[in-house]
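Visitor: Before I ask anything, here is the structure I am working with.
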Amino acid sequence: MSQNERDSLELERKNTPPDGPRLPERRPRFSVWIYLAIFLALLVHFFLFWTGTDTSTIEYSQFLEYVEKGYVERVEIVNDTKVQGRFTEAAVREGLVSVPVRQTDLLRGAQTPELIRRFTTTKPADHDLTSFLLAYNERARAEGRPTVQFTARIEENWFGGLLTWIFPLILIVALWVFLLRRMSPSSQVLNIGKNRAILYDAMGDHRVTFKDVAGLDEAKEEVAEIVEFLKNPKKFTRLGGKLPKGVLLVGPPGTGKTLLAKAVAGEAGVPFFSISGSDFVEMFVGVGAARVRDLFRQAKEKAPCIIFIDEIDAIGRSRGRGIMMGANDERENTLNQLLVEMDGFNTDKGVIIMAATNRPDVLDPALLRPGRFDRQILIDKPDRRERLEIFKVHTRDLILGDDVDLEVLAGQTPGFAGAEIANVCNEAALLAARKGKEAVEMEDFEQAIDRVIAGLEKKNKIISPEEREIVAYHEAGHAIVGWFLRYTDPVVKVSIVPRGLAALGYAQYLPEERYLYTKEALLDRMTMAIGGRVAEELVFGRISTGAQNDLERITRMAYAMVVDYGMSERVGYVSFNLSGQYGEQAFFDKPYSEETARLIDEEVRRIINEVRERARRILEEKRDKLEALARRLLEKEVLGPRDLVEILGPRPYGDYPSPNGKDVEELKDLQKGEPTSSSAVEAPAPQTERPESSSAP
């Protein structure tokens with residue numbers, strides 16, 4: 001036996017309880033409804049078959065014949081439809097009538113002579129049996145023969161009537177219960193107020209710790225205090241300190257807010273309740289508040305623990321919003337109950353409330369006040385160093401080739417969130433497996449980045465030569481205008497290969513990680529965005545629908561400059577912030593007059609016209625470079641930094657486009673006429689511009 005087998009047996013022996021292995025609990029396979037149905041079936045069978053007696057059934061015509069012959073002694077008419085009678089002893093004894101013969105029954109006993117003489121028949125509705133018997137008795141008296149005694153009675157079938165009323169009721173109740181169970185397992189009447197929180201075992205097989213959360217160093221430092229509190233609460237309460245009752249994780253989608261909350265539970269080793277904000281609200285009134293109470297009740301029972309509410313803006317929006325459209329009373333009641341539960345929560349219990357949202361501006365102020373969610377932790381998109389750590393986490397289970405450089409990949413993916421980086425790694429592994437490779441190479445990662453940014457490459461999409469030429473000049477216009485402006489991002493790739501749902505071409509840039517933009521920087525970006533449309537107009541004398549996304553972007557930026565950032569001299573240093581502070585009411589109650597609105601529209605048009613003329617001047621001056629770049633695009637379809645430097649010359653502002661900083665000197669030497677290596681630098685990078693769309697606006 002090998003050492004591994006001995007270790008496995010020893011581990012199994014340790015995990016086996018002293019009283020032997022525990023068998024899984026078996027639940028009853030039959031529900032109470034099945035037992036009830038069986039009982040009712042037996043009851044019906046008993047009343048219908050066992051309560052009756054064994055009597056012979058004869059035809060009505062034969063019954064009339066027996067009466068005429070004097071074989072019948074007594075007749076009883078039941079409900080004017082059924083006839084029960086008794087033969088004479090002489091007729092039975094002499095065998096003049098047919099009677100049933102059966103063996104002795106243990107349940108009903110022996111067959112007596114009285115039972116043998118009985119018979120039953122069915123009376124037709126159109127026959128007057130009473131008149132027939134009266135006429136027979138008169139003839140029998142006249143002839144001196146025995147007469148037939150007859151009576152009539154009304155028999156009520158109480159059991160049949162009971163079934164007529166109860167059976168439909170039982171059927172309706174069973175159908176109602178069945179429909180409730182089909183709609184949702186938790187939609188039963190008794191469980192409608194139960195919360196839908198999922199309890200994760202922090203010490204289970206899928207435990208998440210801070211090692212699984214790459215980057216986010218500042219955020220992990222903030223939540224480390226929470227972990228320490230859950231491990232050793234007396235350390236804080238001994239000196240009279242209190243931990244914040246609520247921690248709100250704020251950040252863009254995909255940055256790791258939920259993952260960080262799971263890591264907190266994994267590090268502290270406590271139960272972790274996870275629930276979405278939309279799970280509280282139901283179609284029934286009062287269910288949301290009941291689920292909040294039930295959630296906090298369970299949390300108190302399992303303290304110390306963590307309650308994590310994902311997308312809390314679903315129930316935490318400011319009260320009073322949307323009055324013009326009608327307020328949601330159920331959502332507000334749920335929020336009120338949440339506020340009450342959090343305000344009365346005792347931090348000594350060891351229960352921490354965490355929530356995540358990417359819309360903190362719409363949350364109710366009462367939810368953010370001290371004593372509730374009084375600590376906000378920003379989970380922002382990672383920088384280059386943090387992206388490198390994220391790549392290390394997501395590639396540790398991949399078989400990487402020798403040419404894979406994670407530092408280069410981190411430089412090629414500025415603006416990527418953690419979820420997008422994970423998607424890039426997974427796409428690269430799938431591409432390598434599709435090609436039958438033994439390891440994931442750098443080429444696979446570059447193609448995966450292109451795929452995540454611009455979508456799937458459509459090699460077989462048929463485009464007419466005219467449209468292909470328009471797309472080439474459009475993308476060349478973007479690249480040239482951006483190349484010769486000071487505050488634009490370096491162009492690293494231009495392509496006219498169709499990608500995605502409707503993209504006919506795209507340009508990729510290497511954006512700098514900046515947080516402030518000047519007025520000049522915004523104008524340069526708008527000029528670059530409109531360069532494609534201006535190039536079409538300059539070369540072909542007409543425009544196409546491919547610039548729809550460009551026009552949307554520059555219009556949005558122009559309105560932001562005038563309305564939000566106060567960058568218009570005519571409007572002044574004001575900020576109306578329509579997308580943030582005023583929320584839904586901004587569409588109905590704008591904080592400025594009609595005259596100001598007209599002035600804003602005029603300023604937006606003026607700014608767009610200025611950047612358009614600026615782009616036209618640049619393209620007219622660089623017309624030869626525009627033609628050369630478009631011809632090279634039509635020839636190669638994809639151009640990298642080396643091709644751009646060869647055609648456009650040195651970039652007048654900023655560094656040469658290089659995602660990793662290793663090819664800057666090589667590209668500079670290219671402009672001086674010095675020999676360089678034959679390998680082209682075509683490293684893709686995330687675009688600041690969405691691919692051009694072929695759809696009409």
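Residue positions begin at 1 at the first shown residue.
The backbone N, Cα and C atoms fix where each Cβ goes, and this holds for glycine too.
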Visitor: Need a hand: Swiss-Prot gives His474, His478 for Zn(2+), which of Asp402, Asp403, Asp550 is also on that list?
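Guide: Same Zn(2+) site in Swiss-Prot: Asp550.
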Visitor: Return the count of C-beta atoms lying within 10 angstroms of the C-beta of Glu475 (active site), excluding that atom itself.
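Guide: Total other Cβ atoms inside 10 Å, all chains included: 29.
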Visitor: Calculate the distance in Å between the alpha carbons (Cα) of Asp550 (Zn(2+) binding site) and Glu475 (active site), and round it to a whole number.
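Guide: Answer for this pair: 12 Å between alpha carbons.
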Visitor: Taking 10 A as the limit, how many CB atoms besides its own sit near the CB of Asp550 (Zn(2+) binding site)?
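Guide: There are 23 of them.
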Visitor: Using DSSP and collapsing to three states, where does His474 (Zn(2+) binding site) fall: helix, strand or coil?
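Guide: It is helical.
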Visitor: Report, as a single number, how many Cβ atoms besides its own are within 10 Å of the Cβ of His474 (Zn(2+) binding site).
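Guide: That number is 27.
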Visitor: Per-residue pLDDT averaged over the topological domain 'Periplasmic' (51-158) comes to what?
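Guide: Averaging the confidence scores along the topological domain 'Periplasmic' (51-158) gives 77.
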